[in-house]
Amino acid sequence: MKVTIFANASAKTKKVAGELHTKLLAAGFEIDDEHPDIVLSVGGDGTLLAAFHHYSHMVDQVRFVGVHTGHLGFYTDWRDYEIDQLINGLLEDNGQSVTYPLLAVDITYADTDATDHYLALNESTLKKLGSTMVADVYIQDELFERFRGDGLCVSTPTGSTAYNKSVGGAVIHPRLDALQMAEIASINNRVFRTLGSPVIVAPYETITIRPQQQSHFVFTADQMDTQPRPIEQIRYSIANRRIAFAQHRHNRFWQRVGTSFIGLDEQ
């Protein structure tokens, strides 16, 4: 089996990654950074997001494993002191995996005919800096609402516990194929109205955002952001590709939610 280690730059993580590298070689694994079968992310959820985007061009061909060097993360099944158990799990691997949906993003710009395509694991946002964003929101190409506020966030189920949750979005089990749109500081009064709550759409439905100002907007996809540009529309859909995690020991989702946000293990 060919594996690679994708680690962040912290001193603790470098030490763990070095130990993992040594033990992988001793166990007979081949280290291949170009065409791995498994990507071992060492760090936190941010490191795994970076690893996903680094290998997104071959996401159909790799599986991911997260090793956390801090507190419990949503994408990490192993702790830094469990390297030996992880190695044993890899030695017994038979290709088992759990897969989650990804977000496909297509952007059309007002100043060019080109369309940019992005893939996100967590979420994508659209914001207008310095003033209120006005945008028409379409679901399945039918006008749903005219939004006024700071911006909009569209997330995957796995991303529902990230930025989406901080702006009032719902937490969705990652095995569901769905998209969620959450409003960021929407304006609601007697003159201007939005739904004022998160919207969850079916896996075959698209969400399209069409800004109503000839202005520059900031677009993000996970950790990546773009320079402000005049955007004509952004179309969101469930991607036809999925991310796969090696299922040697996949922790229960609701247990992670309770541990991370409620502190059930401390009560």
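Start at 1 and count along the chain as shown; that gives each residue its number.
Every residue, even glycine, has its Cβ placed from backbone N, Cα and C.
Swiss-Prot names Asp45, Gly46, Asn122, Glu123, Arg148, Asp150, Thr161, Ala162, Tyr163, Asn164, Lys165, Ser166, Ala185 as NAD(+) ligands; from the candidate set Gln223, Gln227, Gln233, the record adds Gln223 to that same site. Taking each of the binding-site residues Asn122, Thr161 in turn and counting other Cβ atoms within 10 Å of its Cβ gives the largest count for Asn122. Taking each Cβ in turn and tallying the other Cβ atoms within 10 Å, the top scorer among the binding-site residues Arg148, Lys165 is Arg148.
Its Cβ taken as reference, Ala185 (NAD(+) binding site) is surrounded by 13 other Cβ atoms within 10 Å in the chains shown.
Contacts of Tyr163 (NAD(+) binding site) defined by a Cβ separation under 8 A and a same-chain sequence distance of 6+ are given as Asn122, Glu123, Thr125, Cys153, Ser155, in order along the sequence.
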